[in-house]
């Protein structure tokens, strides 16, 4: 197996482990539920990228493409929901926002269907290529980026007004997820729009930065904060 795919699978495993760790830390908390869901779909997306780069036959390739584009589509939606509750609820999603989330989710998942999104597939593992329907891909990208922008807008507003531990929590999430989002969007959303699929393996690697920030927040910072208050 290609070494890039091996690393992708390892990174997917790290994200899955991070998702489970956050969820079981407090399975009744909306913060934990939404963040765990966000990272879970990150892990599914990464695993899907690894499988797509490895596939050698056309059997099931379209289903696989839908699986990883569909998983990627859910990432900003759960991150957006998470942004309303972390680290505190400044304002809750209104009925209008909930409807827009549902409409956006259904729209992007339908748009992710290969019948709309995919023109052709060129198999040359590990350099497999999807030739995209640019009109559908533009719709997909707009929905993806809209949820992403509004999620970071919510977090940035809280970061500006927060102090002490809440500010540290927000910095860890904004910086960690921001780096992961930037490179994921660059290599896995923008590059493919221009027909370049050669770098889709690289974007997922930067999710490790997000995990490092999360681990710091959950373990090291919490421990040092407790010690300083003794």
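Residue 1 is the first one shown; counting continues down the chain.
Here the Cβ of each residue, glycine as well, is placed from N, Cα and C on the backbone.
TrEMBL entries are annotated by machine, without manual review.
Residues or ranges marked as transmembrane segment in TrEMBL: 6-24 (among others).
The transmembrane segment annotation in TrEMBL covers 31-52 (among others).
Within the chain carrying the transmembrane segment (64-87), a Cβ under 8 angstroms from the stretch's Cβ atoms is held by residues 30-31, 34-35, 37-38, 41-42, 44-45, 47-49, 51-52, 55, 93, 101, 104-105, 108-109, 112-114, 117-118, 121, 130, 140, 143-145, 147-148, 150-152, 154-155, 158, 162, 166, 169-170, 173, 177, 188, all 6 or more beyond its ends. The feature transmembrane segment is assigned by TrEMBL to 64-87 (among others).
Per TrEMBL, transmembrane segment is recorded for 99-117 (among others).
The transmembrane segment annotation in TrEMBL covers 129-152 (among others). If you look at the transmembrane segment (129-152), the same-chain residues 6 or more away from its ends with a CB under 8 A from one of its CBs are 52, 65, 69, 72-73, 76-77, 79-80, 82-83, 104, 107-108, 111-112, 116-122, 174, 178, 181, 185, 189, 192-193, 195, 197.
The feature transmembrane segment is assigned by TrEMBL to 173-194 (among others).
Annotation source TrEMBL lists transmembrane segment at 200-221 (among others).
For the transmembrane segment (200-221), the residues of the chain that approach it from at least six positions outside its boundaries are 4-5, 7-8, 11-12, 14-15, 18, 21-22, 25, 39, 42, 45-46, 49-50, 53, 126, 168-169, 172-173, 175-177, 179-180, 182-188, 191-192, judged by C-beta separation under 8 angstroms.
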